[in-house]
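What Swiss-Prot says about this protein:
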- 12, 13, 14, 15, 16, 17, 18, 19: GTP binding site (BINDING)
């Protein structure tokens with residue numbers, strides 16, 4: 001019996017690189033499994049439109065949800081708008097293996113309802129400062145995978161990368177993390193391996 005597609009929540013502050021991560025995962029996986037994306041924006045469908053422009057997935061496999069108000073409510077306390085989008089995608093594409101659910105930009109406290117996401121990936125931005133891992137919000141400390149993005153910017157913003165990674169390790173304990181440069185595709189392979197290992201995602205072999 002099928003349990004339906006693996007649902008992966010992608011969260012993190014505005015500008016951390018969530019949409020870039022979503023785009024890179026689509027580019028890496030769209031030819032290896034049946035997948036779709038749901039994006040959450042407060043008043044627009046900007047992220048969904050950005051993915052459509054990038055042409056990483058057919059437009060009909062991308063749903064843009066306008067959350068209004070606080071974006072974290074739509075992924076946690078009242079996930080009904082996202083659950084409806086999941087149900088719609090499953091009706092349209094019964095063979096789905098993977099749905100990526102990108103939250104609207106939010107703070108370190110954002111978490112996904114377990115009803116909505118099987119796994120959660122949280123993205124932080126190296127340029128946001130040295131102390132981000134030490135703030136240890138639930139998204140950063142308890143997500144299934146943490147992505148520390150834009151590590152190439154560290155020398156330009158006065159961040160000591162070795163210390164940032166040590167603080168990240170301390171905040172995460174045994175939970176995995178990836179040091180990444182999403183725009184250049186650095187870290188994408190490790191994230192794909194995580195989805196296979198922890199989510200049981202079955203992929204066709206690479207061409």
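Even glycines carry a Cβ here, placed using N, Cα and C.
Positions of Swiss-Prot features highlighted on the structure.
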residue	record	CB count, 10 Å
12	GTP binding site	28
13	GTP binding site	21
14	GTP binding site	11
15	GTP binding site	14
16	GTP binding site	26
17	GTP binding site	23
18	GTP binding site	28
19	GTP binding site	23
List, in sequence order, the residues of the same chain other than 12, 13, 14, 15, 16, 17, 18, 19 whose Cβ lies within 8 Å of the centroid of the Cβ atoms of the recorded GTP site. 105, 123, 125, 149
Does DSSP give residue 19 (GTP binding site) helix, strand or coil? helix
